[in-house]
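The repeat 'PPR' annotation in TrEMBL covers A:282-316, A:383-417, A:418-452, A:484-518, A:519-554. Look at TrEMBL and you will find A:699-791 tagged as domain 'DYW'.
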Amino acid sequence: MNCRSLAGAVIQALDRNSCLRLLEDSSAVSHLAQTHAQVVVCGYKNDISTITKLIHKLCDFKAVAYARALFLSVPKPDLFLFNVLIRGSSNCGSPLSSVSLFTYLRNNTYLRPDNFTYAFTVSASSGIPDEKFGILLHAQAVVDGYGSDLFVGSSLVDFYFTFSKVEMAQKVFDRMLEKDTVLWNTMISGLVKNCCYEDSIAVFAKMAAGSGVRLDPTSVSSVLPAAAELQLLNIGLGIQCLSVKLGLSSHVHVLTGLISLYSKCGDMKTSKALFENIIRPDLISYNAMISGYTTNADSESSLRLFKELLGLGFQVNSSTIVGLIPVFYPFGHLLLTCGIHGFCVKSGIISNPAVSTALTTAYSRLNEIESARLLFNESKEKTLASWNAMISGYTKNGLTEKAISLFQDMQVSKMDPNPVTVTSILSACAQIGSLSLGKWVYDMIRRKGFLSNLYVLTALIDMYTKCGSIEDARKLFDDAPEKNVVTWNTMISGYGLHGHGQEAIDLFDEMMKSNIVPSAVTFLSVLYACSHAGLVDEGQKIFHSMVHDFGFEPLSEHYACMVDILGRAGKLEKALEFIQTMTVEPSPPVWGALLGACMIHKNTRLAQLASEKLFNLDPENVGYRVLLSNILSVDKKYAQAASVRQVVKQRNLVKTPGATLLEIGDIPYVFTAGDHSHPQKEAIYALLEKLSGKILEAGYKPETMTALHDVEEEEKELIMRIHSEKLAITFGLIQTNPGIEIRIFKNLRVCLDCHSWTKFVSKITERVIVVRDANRFHHFRDGACSCGDYW
DNA sequence: GTAGGGTTAG
């Protein structure tokens with residue numbers, strides 16, 4: 001209270017009722033302070049009901065410190081006053097004070113807590129990180145005879161749901177002899193909070209059908225998110241009909257819930273109609289619409305509504321922003337992302353962890369991984385989701401080492417990984433082919449009980465196939481209690497990766513028998529499997545079936561697969577004809593597949609046609625130019641080959657350097673072409689020399705020489721450099737005992753010469769050599785490769 | 001009643 005307002009206030013004698021009325025009508029803490037002065041002047045400072053009213057009002061205005069001070073001045077507070085302050089403290093974000101007031105009440109007064117006391121204190125204990133307070137209160141309430149009180153019961157149900165103790169919540173609910181709307185509503189919303197969507201819907205149905213209890217807008221709006229989450233439009237429709245019948249359908253909460261439901265089911269037309277039905281849409285209903293447009297990829301409408309919201313003078317909140325942000329990355333809107341980032345900084349919304357996490361994701365999806373990292377570093381409160389967003393940002397951008405090192409930082413900072421974290425890390429292991437790290441993660445998954453999570457399981461299967469252990473992957477797959485379309489796709493593509501085309505087709509057939517609805521990726525996976533195994537007829541059949549039986553509009557990627565299948569089989573003209581039948585514009589991979597086939601089957605004419613298209617569509621890609629240059633060299637068109645390479649040089653295009661990973665025990669070794677940095681390089685180069693002699697005797701013919709005609713000296717040296725896979729295999733031979741399988745991982749496709757070299761080395765050393773290249777696995781054994789020279 | 005992080009092809 002300041003002096004001016006005190007001086008300005010007309011202090012006059014008032015009766016008690018007038019004092020109470022003044023308190024009731026106060027609309028700010030400053031008014032209350034003035035009235036407080038009058039209360040004192042008029043001699044009511046010891047009137048408990050006046051003081052209680054004042055404390056109650058102070059709590060409503062969040063002036064909890066003032067309220068507490070006043071409370072302490074009351075010589076003999078009664079139970080009602082205690083209850084008011086317990087509830088007030090809890091509502092003002094000080095749940096611990098509520099509990100300590102309760103303790104004080106029990107230990108230092110002769111008062112006995114009643115059902116209100118318990119209800120308010122239990123509610124407060126839902127806001128304390130430690131669950132023990134609520135559990136203790138539950139026990140005391142039962143002892144004091146309030147165990148089946150409705151008020152107390154509802155707070156207890158809410159408390160147990162807050163701490164994810166679904167069974168306990170259910171138990172308390174079941175034991176309540178009498179159930180009212182609030183109790184049912186608490187149950188419905190608690191189940192939703194704990195992702196028990198089906199149960200939530202079931203409880204709602206029971207409430208509506210036979211409980212005899214009245215449904216209110218909260219009942220309906222509590223259950224709607226469950227239907228939305230499960231995308232059960234029919235259930236949602238039923239709820240909508242019911243709420244119309246009960247006259248609840250014009251309530252803004254109900255309408256907002258329905259908007260969200262229809263949006264999540266992809267029906268923005270209905271959402272829009274519902275939104276237009278709201279007489280005075282509030283921020284939350286706007287948010288629901290914006291997020292709906294965003295998830296349905298209507299960036300224009302989403303942004304329009306956002307601008308409208310700002311224009312109406314609404315103070316947008318974090319939900320608005322989080323619902324809007326994903327609009328930016330599918331369309332590459334980097335500038336708009338930066339704009340909204342600036343807006344968040346200016347308005348202070350950036351401090352909300354959900355906002356900074358969403359922005360981190362946006363930047364990493366836009367390949368602005370550095371910006372993502374800066375934002376991550378700057379964000380004050382790093383939640384589990386923020387760490388996960390950054391880690392997955394790295395794996396999605398192929399920066400696996402950074403992902404793994406951030407994962408280590410995360411553990412150092414004592415943030416406990418969850419299934420989401422683990423899924424990203426497994427994906428990183430799969431990318432780099434690190435079986436040792438993958439197995440370590442698997443160990444952690446078992447310890448933490450994450451194996452029941454379908455994302456984790458699928459990522460684990462993927463990790464095993466990509467790290468070369470297709471059998472282990474299949475075992476996990478067969479033992480899986482639950483599989484979705486992605487799990488099946490993963491296993492099918494795993495077979496493809498290893499060249500096991502028939503197994504992939506068999507699994508695909510089995511999938512169809514299990515009535516799993518295939519996706520576009522399912523067909524891509526099985527078609528790639530056909531291409532890696534040379535199954536031409538089967539591939540054509542599946543493509544045909546995809547279009548005619550399953551009604552899929554083939555994507556450019558599907559065409560690329562078919563071109564690959566036909567091309568590898570030598571049916572180059574047919575592949576070209578196939579491209580000409582395409583209904584969509586052929587993308588670079590389509591022409592790339594044709595170009596690759598031209599390399600295998602030495603067709604310079606078509607190669608030139610394909611590369612002309614490619615150089616237009618994807619001028620920065622060096623791979624295609626190198627491929628064309630090699631094709632020309634093989635055809636002895638040296639001058640043309642040189643001019644293709646010249647372009648690469650002139651434009652300063654960067655070729656991805658080849659590298660190979662080999663793990664001995666848990667230690668990873670990385671080799672690059674012509675690597676002389678290795679401590680055991682002498683032994684490696686000596687053995688390389690020795691092997692070279694032996695395999696030449698056995699009939700090996702180096703394949704690089706043809707490409708070396710008419711090449712500048714400097715360049716020749718580059719080409720002559722020994723490829724990293726040869727160095728890695730040789731090192732593996734030195735480091736491991738005879739008979740042990742050698743596994744290596746190459747980041748690019750293995751070249752023709754290295755492929756042939758490895759075949760011979762596997763024969764003379766009697767070793768199984770497993771090579772994972774950028775495309776697939778090669779299992780070399782006794783002079784032959786599992787790919788049947790088909791890659 | 002609205003909202004952030006995860007798996008599959010190439």
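For all residues, glycine too, the Cβ spot is worked out from N, Cα and C.
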Under DSSP, the repeat 'PPR' (A:484-518) has how many residues in helix, strand and coil? 26 helix, 0 strand, 9 coil
Take the repeat 'PPR' (A:383-417) and average the pLDDT across it for me. 96
So how many of the residues in the repeat 'PPR' (A:383-417) end up helix, strand or coil by DSSP? 26 helix, 0 strand, 9 coil
